[in-house]
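Novice: Here it is, the structure, as C-alpha coordinates.
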Amino acid sequence: MRSAKLWSWIALIAGILYFFLPLIGMFEFSLRARRGEYSFDAYANVLGDPAFRATFGYSVLMALFTIAFGILLVVPTVFWVRLKLPRWRPVIEFITLLPLVIPPIVIVFGYIRLYNTSSWLPLTGSAMGTNLLLMFGYTMLALPYMYRAVDTGLRTIDVQTLTEAAQSLGAGWITIIARLILPNVLVAVLSGAFLTFAIVIGEFVLAALLNRPAFGPYMVWMGANKAYEPAALAVIAFVVTWACMALIQLVTRLSKHTRAQQR
Amino acid sequence: MTDLPPPSARRRVSLPLNWFGVAPFLLFALLFLFLPTMHIVLGAFRTPAGDFTLANIRGLFTPSIMNAFWISIRISLVTALLGCVAGFLIAAAVTRGPLPKPLRGFALTFSGVASNFAGVPLAFAFIATLGRLGFLTVILRDWFGFNLYGTGFNLISFLGLTLTYLYFQIPLMILIITPALDGLKREWREAAETLGATGAQYWRMVALPVLWPSFLGTFALLFANSFGAVATAMALTGSQLSIVPIILFAQIRGDVLQDPHLGYAIAFGMIVLTGLANLVYIVLRTRAERWVK
(Lines of atoms letter the chains of each structure in order from A and count residues from 1; the text may use other names and numbers.)
(Lines give C-alpha, C1' and ligand atoms only; values in the text may rest on other atoms or scores of the structure.)
Protein backbone atom coordinates (compact mmCIF):
# COMPACT_ATOMS: atom_id res chain seq x y z
CA MET A 1 0.00 0.00 0.00
CA ARG A 2 2.87 2.35 0.74
CA SER A 3 4.35 1.84 -2.71
CA ALA A 4 0.96 2.61 -4.26
CA LYS A 5 0.91 5.91 -2.41
CA LEU A 6 4.46 6.67 -3.51
CA TRP A 7 3.70 5.91 -7.15
CA SER A 8 0.55 7.99 -7.08
CA TRP A 9 2.43 11.00 -5.77
CA ILE A 10 5.25 10.55 -8.29
CA ALA A 11 2.75 10.42 -11.18
CA LEU A 12 0.89 13.43 -9.88
CA ILE A 13 3.96 15.57 -9.25
CA ALA A 14 5.45 14.73 -12.64
CA GLY A 15 2.11 15.64 -14.21
CA ILE A 16 1.89 18.91 -12.33
CA LEU A 17 5.45 19.84 -13.33
CA TYR A 18 4.81 19.04 -16.97
CA PHE A 19 1.50 20.87 -17.12
CA PHE A 20 2.32 23.90 -15.03
CA LEU A 21 5.82 24.75 -16.21
CA PRO A 22 4.64 25.84 -19.70
CA LEU A 23 1.90 27.95 -18.10
CA ILE A 24 4.36 29.63 -15.76
CA GLY A 25 6.84 29.93 -18.61
CA MET A 26 4.37 31.61 -20.90
CA PHE A 27 3.28 34.03 -18.18
CA GLU A 28 6.85 34.89 -17.19
CA PHE A 29 7.84 35.35 -20.82
CA SER A 30 4.90 37.66 -21.46
CA LEU A 31 6.16 39.99 -18.69
CA ARG A 32 9.64 40.37 -20.17
CA ALA A 33 8.86 43.00 -22.82
CA ARG A 34 10.67 45.76 -20.92
CA ARG A 35 14.39 45.19 -20.58
CA GLY A 36 15.60 44.38 -17.08
CA GLU A 37 12.24 44.36 -15.26
CA TYR A 38 8.85 42.73 -15.41
CA SER A 39 6.04 44.73 -16.94
CA PHE A 40 2.71 44.34 -18.64
CA ASP A 41 3.99 46.13 -21.76
CA ALA A 42 3.34 43.13 -24.01
CA TYR A 43 -0.30 43.08 -22.90
CA ALA A 44 -0.60 46.83 -23.45
CA ASN A 45 0.85 46.42 -26.94
CA VAL A 46 -1.51 43.59 -27.76
CA LEU A 47 -4.63 45.21 -26.33
CA GLY A 48 -3.76 48.51 -28.00
CA ASP A 49 -3.27 46.87 -31.38
CA PRO A 50 -6.28 47.64 -33.63
CA ALA A 51 -5.65 44.36 -35.47
CA PHE A 52 -6.05 42.48 -32.17
CA ARG A 53 -9.39 44.12 -31.49
CA ALA A 54 -10.58 43.57 -35.05
CA THR A 55 -9.59 39.88 -35.23
CA PHE A 56 -10.68 39.04 -31.69
CA GLY A 57 -14.00 40.77 -32.30
CA TYR A 58 -14.41 38.89 -35.56
CA SER A 59 -13.77 35.55 -33.87
CA VAL A 60 -16.15 36.33 -30.99
CA LEU A 61 -18.87 37.26 -33.48
CA MET A 62 -18.12 34.13 -35.47
CA ALA A 63 -18.37 32.02 -32.32
CA LEU A 64 -21.73 33.54 -31.42
CA PHE A 65 -23.14 32.90 -34.89
CA THR A 66 -21.76 29.36 -34.83
CA ILE A 67 -23.38 28.73 -31.45
CA ALA A 68 -26.75 30.09 -32.62
CA PHE A 69 -26.67 28.06 -35.81
CA GLY A 70 -25.42 24.98 -33.97
CA ILE A 71 -28.32 25.15 -31.50
CA LEU A 72 -30.85 25.61 -34.31
CA LEU A 73 -29.39 22.64 -36.12
CA VAL A 74 -28.71 20.23 -33.28
CA VAL A 75 -31.58 20.64 -30.79
CA PRO A 76 -34.44 19.87 -33.23
CA THR A 77 -32.40 17.00 -34.70
CA VAL A 78 -31.71 15.36 -31.34
CA PHE A 79 -35.34 15.84 -30.34
CA TRP A 80 -36.69 14.42 -33.58
CA VAL A 81 -34.36 11.42 -33.54
CA ARG A 82 -35.38 10.58 -29.98
CA LEU A 83 -39.06 10.99 -30.79
CA LYS A 84 -39.46 9.48 -34.24
CA LEU A 85 -36.31 7.70 -35.31
CA PRO A 86 -34.85 6.03 -32.23
CA ARG A 87 -33.59 3.17 -34.35
CA TRP A 88 -31.49 5.57 -36.39
CA ARG A 89 -29.85 7.17 -33.38
CA PRO A 90 -26.53 5.29 -33.74
CA VAL A 91 -26.32 6.33 -37.40
CA ILE A 92 -26.94 10.02 -36.66
CA GLU A 93 -24.50 9.84 -33.75
CA PHE A 94 -21.90 8.29 -36.03
CA ILE A 95 -22.33 11.15 -38.52
CA THR A 96 -21.81 13.69 -35.76
CA LEU A 97 -18.56 11.98 -34.78
CA LEU A 98 -17.14 12.11 -38.31
CA PRO A 99 -15.54 15.56 -37.82
CA LEU A 100 -13.25 13.85 -35.31
CA VAL A 101 -12.29 11.24 -37.90
CA ILE A 102 -11.69 13.38 -40.96
CA PRO A 103 -8.97 15.97 -40.31
CA PRO A 104 -10.37 19.53 -40.51
CA ILE A 105 -7.67 20.52 -42.98
CA VAL A 106 -9.01 17.89 -45.40
CA ILE A 107 -12.60 19.08 -45.06
CA VAL A 108 -11.71 22.72 -45.60
CA PHE A 109 -9.70 21.67 -48.65
CA GLY A 110 -12.92 20.13 -49.92
CA TYR A 111 -14.80 23.37 -49.21
CA ILE A 112 -12.29 25.41 -51.18
CA ARG A 113 -12.52 23.12 -54.19
CA LEU A 114 -16.26 22.52 -53.98
CA TYR A 115 -17.56 26.04 -53.29
CA ASN A 116 -15.17 28.12 -55.37
CA THR A 117 -16.29 30.86 -57.73
CA SER A 118 -16.87 28.53 -60.66
CA SER A 119 -19.00 26.02 -58.74
CA TRP A 120 -22.77 25.70 -58.39
CA LEU A 121 -22.65 27.27 -54.93
CA PRO A 122 -19.93 29.97 -55.15
CA LEU A 123 -19.65 30.67 -51.43
CA THR A 124 -16.00 31.72 -51.55
CA GLY A 125 -16.80 34.33 -54.18
CA SER A 126 -17.77 37.01 -51.66
CA ALA A 127 -16.68 37.96 -48.16
CA MET A 128 -20.15 37.30 -46.79
CA GLY A 129 -20.33 33.93 -48.51
CA THR A 130 -16.94 32.96 -47.09
CA ASN A 131 -18.03 34.05 -43.62
CA LEU A 132 -21.05 31.82 -44.03
CA LEU A 133 -18.87 28.93 -45.18
CA LEU A 134 -16.55 29.47 -42.20
CA MET A 135 -19.55 29.41 -39.87
CA PHE A 136 -20.72 26.13 -41.38
CA GLY A 137 -17.18 24.79 -40.99
CA TYR A 138 -17.07 25.79 -37.33
CA THR A 139 -20.48 24.24 -36.76
CA MET A 140 -19.09 21.05 -38.26
CA LEU A 141 -16.03 21.19 -35.95
CA ALA A 142 -18.24 21.70 -32.89
CA LEU A 143 -20.85 19.15 -33.97
CA PRO A 144 -19.44 16.17 -32.00
CA TYR A 145 -19.45 18.16 -28.75
CA MET A 146 -22.73 19.98 -29.28
CA TYR A 147 -24.59 16.84 -30.31
CA ARG A 148 -23.28 14.78 -27.42
CA ALA A 149 -24.06 17.50 -24.89
CA VAL A 150 -27.66 17.92 -26.06
CA ASP A 151 -28.19 14.18 -26.47
CA THR A 152 -27.04 13.54 -22.90
CA GLY A 153 -29.22 16.39 -21.67
CA LEU A 154 -32.30 14.97 -23.38
CA ARG A 155 -31.66 11.50 -21.98
CA THR A 156 -32.97 12.49 -18.56
CA ILE A 157 -36.42 13.59 -19.74
CA ASP A 158 -39.26 11.55 -21.19
CA VAL A 159 -39.49 13.12 -24.63
CA GLN A 160 -42.37 10.95 -25.79
CA THR A 161 -44.72 11.72 -22.90
CA LEU A 162 -43.86 15.41 -22.74
CA THR A 163 -44.46 15.82 -26.47
CA GLU A 164 -47.78 14.01 -26.34
CA ALA A 165 -48.86 16.12 -23.35
CA ALA A 166 -47.92 19.32 -25.19
CA GLN A 167 -49.65 18.17 -28.35
CA SER A 168 -52.85 17.33 -26.49
CA LEU A 169 -52.77 20.91 -25.21
CA GLY A 170 -52.55 22.11 -28.80
CA ALA A 171 -48.84 22.99 -29.06
CA GLY A 172 -47.18 22.96 -32.49
CA TRP A 173 -43.66 21.68 -33.22
CA ILE A 174 -42.01 25.07 -32.86
CA THR A 175 -43.70 25.68 -29.52
CA ILE A 176 -42.68 22.22 -28.35
CA ILE A 177 -39.04 22.70 -29.25
CA ALA A 178 -38.74 26.32 -28.10
CA ARG A 179 -40.79 26.17 -24.90
CA LEU A 180 -40.53 22.54 -23.84
CA ILE A 181 -37.37 20.91 -25.12
CA LEU A 182 -34.99 23.88 -25.11
CA PRO A 183 -35.60 24.89 -21.46
CA ASN A 184 -35.11 21.27 -20.44
CA VAL A 185 -31.76 20.92 -22.16
CA LEU A 186 -30.63 24.49 -21.47
CA VAL A 187 -27.69 23.41 -19.30
CA ALA A 188 -26.52 20.94 -21.91
CA VAL A 189 -26.93 23.54 -24.66
CA LEU A 190 -24.94 26.08 -22.65
CA SER A 191 -22.15 23.54 -22.03
CA GLY A 192 -22.02 22.85 -25.75
CA ALA A 193 -22.07 26.59 -26.44
CA PHE A 194 -19.12 27.39 -24.19
CA LEU A 195 -17.14 24.52 -25.64
CA THR A 196 -17.95 25.78 -29.14
CA PHE A 197 -16.77 29.22 -28.09
CA ALA A 198 -13.46 27.81 -26.83
CA ILE A 199 -12.95 25.90 -30.09
CA VAL A 200 -13.84 28.75 -32.44
CA ILE A 201 -11.98 31.56 -30.72
CA GLY A 202 -8.46 30.25 -31.38
CA GLU A 203 -9.14 28.18 -34.49
CA PHE A 204 -6.47 28.61 -37.14
CA VAL A 205 -6.68 26.20 -40.06
CA LEU A 206 -10.15 26.95 -41.41
CA ALA A 207 -9.83 30.70 -40.99
CA ALA A 208 -6.36 30.79 -42.55
CA LEU A 209 -7.26 28.66 -45.56
CA LEU A 210 -10.49 30.57 -46.16
CA ASN A 211 -8.57 33.83 -45.75
CA ARG A 212 -10.74 35.32 -43.04
CA PRO A 213 -9.35 37.89 -40.55
CA ALA A 214 -9.83 35.72 -37.46
CA PHE A 215 -7.91 35.59 -34.17
CA GLY A 216 -6.06 32.33 -34.98
CA PRO A 217 -4.26 33.60 -38.10
CA TYR A 218 -3.55 36.86 -36.25
CA MET A 219 -1.82 34.92 -33.48
CA VAL A 220 0.31 33.02 -35.99
CA TRP A 221 1.24 36.28 -37.68
CA MET A 222 2.26 37.76 -34.30
CA GLY A 223 4.24 34.62 -33.53
CA ALA A 224 6.27 35.09 -36.68
CA ASN A 225 6.87 38.81 -36.13
CA LYS A 226 7.01 39.62 -32.42
CA ALA A 227 8.93 38.27 -29.43
CA TYR A 228 6.91 38.75 -26.23
CA GLU A 229 3.45 39.57 -27.55
CA PRO A 230 2.75 35.94 -28.58
CA ALA A 231 3.19 34.83 -24.98
CA ALA A 232 0.73 37.52 -23.89
CA LEU A 233 -1.71 36.27 -26.54
CA ALA A 234 -1.25 32.71 -25.28
CA VAL A 235 -2.06 33.86 -21.73
CA ILE A 236 -5.20 35.61 -23.02
CA ALA A 237 -6.24 32.52 -24.99
CA PHE A 238 -5.62 30.33 -21.94
CA VAL A 239 -7.78 32.60 -19.77
CA VAL A 240 -10.58 32.44 -22.38
CA THR A 241 -10.40 28.62 -22.50
CA TRP A 242 -10.35 28.39 -18.72
CA ALA A 243 -13.31 30.80 -18.45
CA CYS A 244 -15.33 28.70 -20.90
CA MET A 245 -14.66 25.51 -18.92
CA ALA A 246 -15.42 27.26 -15.62
CA LEU A 247 -18.74 28.50 -17.04
CA ILE A 248 -19.61 24.92 -18.07
CA GLN A 249 -18.96 23.73 -14.52
CA LEU A 250 -20.91 26.66 -13.11
CA VAL A 251 -24.09 26.10 -15.16
CA THR A 252 -23.95 22.37 -14.44
CA ARG A 253 -23.62 22.98 -10.73
CA LEU A 254 -26.28 25.70 -10.65
CA SER A 255 -28.75 23.48 -12.45
CA LYS A 256 -28.21 20.66 -9.95
CA HIS A 257 -28.79 23.16 -7.18
CA THR A 258 -32.08 24.49 -8.54
CA ARG A 259 -33.31 21.02 -9.37
CA ALA A 260 -32.66 19.91 -5.81
CA GLN A 261 -34.55 22.94 -4.51
CA GLN A 262 -37.57 22.18 -6.65
CA ARG A 263 -37.81 18.80 -5.04
CA MET B 1 -49.31 18.82 -37.87
CA THR B 2 -50.54 18.80 -34.31
CA ASP B 3 -53.14 16.04 -34.57
CA LEU B 4 -51.37 12.83 -35.51
CA PRO B 5 -53.40 9.93 -36.92
CA PRO B 6 -53.39 6.66 -34.96
CA PRO B 7 -50.09 4.74 -35.17
CA SER B 8 -51.27 2.06 -37.56
CA ALA B 9 -52.43 4.58 -40.16
CA ARG B 10 -49.38 6.75 -39.60
CA ARG B 11 -46.95 4.02 -40.45
CA ARG B 12 -48.38 3.60 -43.91
CA VAL B 13 -48.75 7.16 -45.13
CA SER B 14 -46.08 9.24 -43.43
CA LEU B 15 -42.84 7.32 -43.66
CA PRO B 16 -41.06 10.21 -45.43
CA LEU B 17 -42.59 12.62 -42.92
CA ASN B 18 -40.65 10.88 -40.18
CA TRP B 19 -37.50 12.03 -41.89
CA PHE B 20 -38.73 15.58 -42.31
CA GLY B 21 -37.40 16.61 -38.88
CA VAL B 22 -33.82 15.51 -39.57
CA ALA B 23 -33.75 16.84 -43.13
CA PRO B 24 -31.90 20.08 -42.23
CA PHE B 25 -29.27 18.10 -40.36
CA LEU B 26 -28.83 15.58 -43.17
CA LEU B 27 -28.59 18.40 -45.72
CA PHE B 28 -25.94 20.10 -43.57
CA ALA B 29 -23.97 16.87 -43.20
CA LEU B 30 -24.22 16.26 -46.94
CA LEU B 31 -23.06 19.73 -47.96
CA PHE B 32 -20.38 20.39 -45.38
CA LEU B 33 -19.14 16.93 -44.45
CA PHE B 34 -19.83 14.24 -47.06
CA LEU B 35 -19.59 16.11 -50.36
CA PRO B 36 -16.32 17.93 -49.52
CA THR B 37 -14.76 14.67 -48.35
CA MET B 38 -16.04 12.73 -51.36
CA HIS B 39 -14.72 15.45 -53.62
CA ILE B 40 -11.24 14.98 -52.15
CA VAL B 41 -11.39 11.18 -52.26
CA LEU B 42 -12.61 11.08 -55.85
CA GLY B 43 -10.17 13.81 -56.84
CA ALA B 44 -7.32 11.64 -55.61
CA PHE B 45 -8.20 9.09 -58.32
CA ARG B 46 -8.83 11.53 -61.15
CA THR B 47 -6.79 13.37 -63.73
CA PRO B 48 -7.49 17.11 -64.11
CA ALA B 49 -9.59 16.11 -67.15
CA GLY B 50 -11.72 13.83 -64.98
CA ASP B 51 -10.51 10.38 -66.05
CA PHE B 52 -9.67 7.62 -63.58
CA THR B 53 -6.00 7.40 -62.67
CA LEU B 54 -3.66 6.02 -60.04
CA ALA B 55 -0.92 8.51 -60.91
CA ASN B 56 -1.84 10.84 -58.02
CA ILE B 57 -1.56 8.03 -55.51
CA ARG B 58 1.71 7.00 -57.13
CA GLY B 59 2.81 10.62 -56.66
CA LEU B 60 2.67 10.02 -52.91
CA PHE B 61 5.54 7.55 -53.17
CA THR B 62 8.16 10.19 -53.80
CA PRO B 63 10.87 10.40 -51.14
CA SER B 64 9.87 13.83 -49.78
CA ILE B 65 6.19 12.97 -49.31
CA MET B 66 6.88 9.47 -48.02
CA ASN B 67 9.31 11.01 -45.58
CA ALA B 68 6.70 13.49 -44.36
CA PHE B 69 4.19 10.67 -43.85
CA TRP B 70 6.80 8.66 -42.00
CA ILE B 71 7.67 11.54 -39.62
CA SER B 72 3.96 12.20 -39.03
CA ILE B 73 3.25 8.56 -38.34
CA ARG B 74 6.18 8.31 -35.94
CA ILE B 75 5.21 11.48 -34.05
CA SER B 76 1.62 10.28 -33.83
CA LEU B 77 2.66 6.82 -32.61
CA VAL B 78 5.08 8.16 -30.02
CA THR B 79 2.76 10.87 -28.66
CA ALA B 80 -0.16 8.43 -28.61
CA LEU B 81 1.89 5.84 -26.72
CA LEU B 82 3.41 8.27 -24.22
CA GLY B 83 0.08 10.07 -23.89
CA CYS B 84 -1.66 6.80 -23.08
CA VAL B 85 0.91 5.69 -20.52
CA ALA B 86 1.29 9.07 -18.78
CA GLY B 87 -2.42 9.81 -18.91
CA PHE B 88 -3.19 6.38 -17.48
CA LEU B 89 -0.71 6.79 -14.63
CA ILE B 90 -2.08 10.21 -13.68
CA ALA B 91 -5.70 9.07 -14.01
CA ALA B 92 -4.97 5.96 -11.93
CA ALA B 93 -3.22 8.10 -9.32
CA VAL B 94 -6.12 10.53 -8.90
CA THR B 95 -9.03 8.09 -9.22
CA ARG B 96 -7.73 4.84 -7.71
CA GLY B 97 -4.73 5.94 -5.70
CA PRO B 98 -4.74 7.00 -2.08
CA LEU B 99 -4.51 10.71 -2.96
CA PRO B 100 -6.83 13.35 -1.44
CA LYS B 101 -10.28 13.34 -3.10
CA PRO B 102 -10.45 16.97 -4.35
CA LEU B 103 -7.47 16.26 -6.60
CA ARG B 104 -9.68 14.14 -8.81
CA GLY B 105 -12.08 16.95 -9.66
CA PHE B 106 -9.20 19.31 -10.19
CA ALA B 107 -7.37 16.89 -12.50
CA LEU B 108 -10.50 16.33 -14.59
CA THR B 109 -11.31 20.04 -14.88
CA PHE B 110 -7.74 20.86 -15.74
CA SER B 111 -7.72 18.08 -18.35
CA GLY B 112 -10.81 19.62 -19.92
CA VAL B 113 -9.00 22.93 -20.20
CA ALA B 114 -5.66 21.53 -21.35
CA SER B 115 -7.17 19.27 -24.02
CA ASN B 116 -8.82 22.38 -25.47
CA PHE B 117 -5.73 24.53 -25.04
CA ALA B 118 -4.26 23.18 -28.27
CA GLY B 119 -3.23 24.94 -31.42
CA VAL B 120 -1.43 28.23 -31.69
CA PRO B 121 -1.38 29.37 -28.02
CA LEU B 122 0.02 26.01 -26.94
CA ALA B 123 2.93 26.42 -29.33
CA PHE B 124 3.59 29.90 -27.91
CA ALA B 125 3.55 28.54 -24.37
CA PHE B 126 6.22 25.97 -25.29
CA ILE B 127 8.35 28.51 -27.15
CA ALA B 128 8.16 30.74 -24.05
CA THR B 129 9.21 27.81 -21.86
CA LEU B 130 11.67 25.74 -23.87
CA GLY B 131 12.70 28.12 -26.63
CA ARG B 132 16.23 29.50 -26.78
CA LEU B 133 15.34 32.23 -24.27
CA GLY B 134 12.49 30.34 -22.67
CA PHE B 135 11.70 30.29 -18.98
CA LEU B 136 13.01 26.79 -18.32
CA THR B 137 15.99 27.14 -20.63
CA VAL B 138 17.10 30.27 -18.75
CA ILE B 139 16.50 28.74 -15.32
CA LEU B 140 18.50 25.63 -16.24
CA ARG B 141 21.31 27.82 -17.54
CA ASP B 142 21.44 30.39 -14.70
CA TRP B 143 20.64 28.23 -11.70
CA PHE B 144 22.04 24.85 -12.66
CA GLY B 145 24.63 25.81 -15.25
CA PHE B 146 23.01 23.43 -17.69
CA ASN B 147 22.95 24.52 -21.31
CA LEU B 148 19.88 22.83 -22.81
CA TYR B 149 20.62 23.87 -26.35
CA GLY B 150 24.23 22.72 -25.90
CA THR B 151 22.91 19.16 -25.76
CA GLY B 152 21.55 19.47 -29.28
CA PHE B 153 17.99 20.00 -28.07
CA ASN B 154 15.79 22.03 -30.36
CA LEU B 155 12.11 22.80 -29.95
CA ILE B 156 11.65 22.70 -33.71
CA SER B 157 12.35 19.00 -33.91
CA PHE B 158 10.81 15.59 -33.48
CA LEU B 159 11.41 15.75 -29.74
CA GLY B 160 10.11 19.30 -29.39
CA LEU B 161 6.93 18.53 -31.32
CA THR B 162 6.41 15.36 -29.27
CA LEU B 163 6.78 17.24 -25.98
CA THR B 164 4.30 19.87 -27.17
CA TYR B 165 1.70 17.44 -28.52
CA LEU B 166 1.71 15.53 -25.24
CA TYR B 167 0.18 18.62 -23.64
CA PHE B 168 -3.15 17.86 -25.30
CA GLN B 169 -2.70 14.09 -25.66
CA ILE B 170 -2.27 13.28 -21.95
CA PRO B 171 -5.39 15.22 -20.83
CA LEU B 172 -7.46 13.56 -23.54
CA MET B 173 -6.33 10.15 -22.25
CA ILE B 174 -7.19 11.18 -18.68
CA LEU B 175 -10.68 12.28 -19.75
CA ILE B 176 -11.37 9.05 -21.64
CA ILE B 177 -9.77 6.51 -19.32
CA THR B 178 -11.24 7.87 -16.05
CA PRO B 179 -14.75 6.47 -16.71
CA ALA B 180 -13.13 3.14 -17.57
CA LEU B 181 -11.16 3.22 -14.32
CA ASP B 182 -14.36 4.03 -12.45
CA GLY B 183 -15.84 0.93 -14.06
CA LEU B 184 -13.38 -1.32 -12.26
CA LYS B 185 -15.44 -2.87 -9.53
CA ARG B 186 -14.15 -2.81 -6.01
CA GLU B 187 -15.19 -6.46 -5.59
CA TRP B 188 -12.56 -7.46 -8.16
CA ARG B 189 -9.82 -5.90 -6.11
CA GLU B 190 -11.14 -7.42 -2.90
CA ALA B 191 -11.44 -10.82 -4.55
CA ALA B 192 -7.87 -10.57 -5.81
CA GLU B 193 -6.61 -9.54 -2.38
CA THR B 194 -8.51 -12.34 -0.69
CA LEU B 195 -6.75 -14.76 -3.00
CA GLY B 196 -3.45 -13.26 -1.92
CA ALA B 197 -2.63 -11.03 -4.87
CA THR B 198 -0.34 -8.05 -4.42
CA GLY B 199 -1.22 -4.62 -5.78
CA ALA B 200 1.01 -5.12 -8.79
CA GLN B 201 -0.52 -8.54 -9.47
CA TYR B 202 -4.03 -7.09 -9.28
CA TRP B 203 -3.16 -4.43 -11.88
CA ARG B 204 -1.34 -6.87 -14.15
CA MET B 205 -3.76 -9.78 -14.02
CA VAL B 206 -7.17 -8.18 -13.39
CA ALA B 207 -7.35 -4.45 -14.06
CA LEU B 208 -5.17 -4.14 -17.17
CA PRO B 209 -6.78 -7.01 -19.10
CA VAL B 210 -10.19 -5.40 -18.46
CA LEU B 211 -8.91 -1.96 -19.43
CA TRP B 212 -6.96 -3.23 -22.44
CA PRO B 213 -9.60 -2.50 -25.11
CA SER B 214 -10.13 1.04 -23.76
CA PHE B 215 -6.40 1.45 -23.73
CA LEU B 216 -5.87 0.38 -27.34
CA GLY B 217 -8.94 2.28 -28.48
CA THR B 218 -7.79 5.51 -26.91
CA PHE B 219 -4.37 4.92 -28.40
CA ALA B 220 -5.98 4.89 -31.84
CA LEU B 221 -7.92 8.05 -31.07
CA LEU B 222 -4.82 9.86 -29.85
CA PHE B 223 -2.99 8.75 -32.97
CA ALA B 224 -5.64 10.33 -35.20
CA ASN B 225 -5.75 13.38 -32.96
CA SER B 226 -2.08 14.16 -33.35
CA PHE B 227 -1.96 13.13 -37.02
CA GLY B 228 -4.45 15.82 -37.99
CA ALA B 229 -2.99 18.57 -35.79
CA VAL B 230 -1.93 21.48 -37.96
CA ALA B 231 -2.07 24.71 -35.98
CA THR B 232 0.30 23.66 -33.18
CA ALA B 233 2.92 22.45 -35.65
CA MET B 234 2.55 25.51 -37.87
CA ALA B 235 2.92 27.97 -35.00
CA LEU B 236 5.77 26.01 -33.43
CA THR B 237 7.91 25.29 -36.45
CA GLY B 238 6.73 27.85 -38.99
CA SER B 239 6.57 25.08 -41.64
CA GLN B 240 10.22 24.14 -41.10
CA LEU B 241 9.41 20.57 -40.21
CA SER B 242 7.89 18.56 -43.05
CA ILE B 243 5.00 16.71 -41.53
CA VAL B 244 1.96 15.76 -43.61
CA PRO B 245 -0.51 18.42 -42.42
CA ILE B 246 2.05 21.18 -43.01
CA ILE B 247 2.79 19.91 -46.52
CA LEU B 248 -0.92 19.76 -47.27
CA PHE B 249 -1.37 23.26 -45.90
CA ALA B 250 1.37 24.53 -48.20
CA GLN B 251 -0.19 22.67 -51.12
CA ILE B 252 -3.59 24.25 -50.53
CA ARG B 253 -2.15 27.70 -49.92
CA GLY B 254 0.34 28.04 -52.72
CA ASP B 255 1.21 25.20 -55.00
CA VAL B 256 -2.32 24.02 -55.42
CA LEU B 257 -2.59 25.50 -58.88
CA GLN B 258 0.38 23.49 -60.06
CA ASP B 259 -0.92 20.13 -59.04
CA PRO B 260 -4.16 20.13 -57.07
CA HIS B 261 -4.53 16.41 -57.54
CA LEU B 262 -1.37 15.64 -55.59
CA GLY B 263 -2.97 17.65 -52.77
CA TYR B 264 -6.05 15.43 -53.08
CA ALA B 265 -3.84 12.36 -52.83
CA ILE B 266 -2.08 13.66 -49.69
CA ALA B 267 -5.45 14.50 -48.12
CA PHE B 268 -6.72 11.06 -49.10
CA GLY B 269 -3.72 9.49 -47.39
CA MET B 270 -4.55 11.42 -44.22
CA ILE B 271 -8.18 10.27 -44.33
CA VAL B 272 -7.10 6.65 -44.77
CA LEU B 273 -4.76 6.77 -41.77
CA THR B 274 -7.03 8.66 -39.36
CA GLY B 275 -9.99 6.62 -40.61
CA LEU B 276 -8.22 3.36 -39.87
CA ALA B 277 -7.17 4.59 -36.43
CA ASN B 278 -10.74 5.62 -35.61
CA LEU B 279 -12.14 2.35 -36.91
CA VAL B 280 -9.89 0.56 -34.43
CA TYR B 281 -11.10 2.94 -31.72
CA ILE B 282 -14.80 2.33 -32.44
CA VAL B 283 -14.43 -1.46 -32.60
CA LEU B 284 -12.40 -1.63 -29.40
CA ARG B 285 -14.64 0.79 -27.53
CA THR B 286 -17.72 -1.33 -28.15
CA ARG B 287 -15.76 -4.29 -26.80
CA ALA B 288 -14.58 -2.30 -23.79
CA GLU B 289 -18.09 -1.21 -22.88
CA ARG B 290 -19.09 -4.80 -22.18
CA TRP B 291 -17.00 -4.68 -19.01
CA VAL B 292 -17.74 -1.15 -17.91
CA LYS B 293 -21.47 -1.86 -17.67
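Using the three backbone atoms N, Cα and C, a Cβ is placed for every residue, glycine included.
Computed from a predicted structure; not experimentally measured.
Summarising the annotation, TrEMBL assigns transmembrane segment to B:20-45, B:65-94, B:106-135, B:155-181, B:202-223, B:229-250, B:262-284. If you look up TrEMBL, you'll see B:69-283 marked as domain 'ABC transmembrane type-1'.
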Novice: Please indicate, using numbers and ranges, the residues of the same chain that are 6 or more beyond the transmembrane segment (B:262-284) and have a C-beta under 8 Å from a C-beta there.
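Specialist: That would be 37, 40-41, 43-44, 46, 56-57, 59-60, 65, 69, 73, 213-214, 216-218, 220-221, 223-224, 227-228, 244-245, 247-248, 251-252, 255-256.
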Novice: Which of B:20-45, B:106-135, B:155-181, B:229-250 shares the most C-beta pairs under 8 angstroms with the transmembrane segment (B:65-94)?
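Specialist: Maximum Cβ contact count belongs to B:155-181.
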Novice: Counting only residues 6 or more past its boundaries, what in the same chain has a CB within less than 8 Å of a CB in the transmembrane segment (B:20-45)?
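Specialist: For the transmembrane segment (B:20-45), the nonlocal Cβ contacts are 52-54, 56-57, 260-261, 264-265, 267-268, 271.
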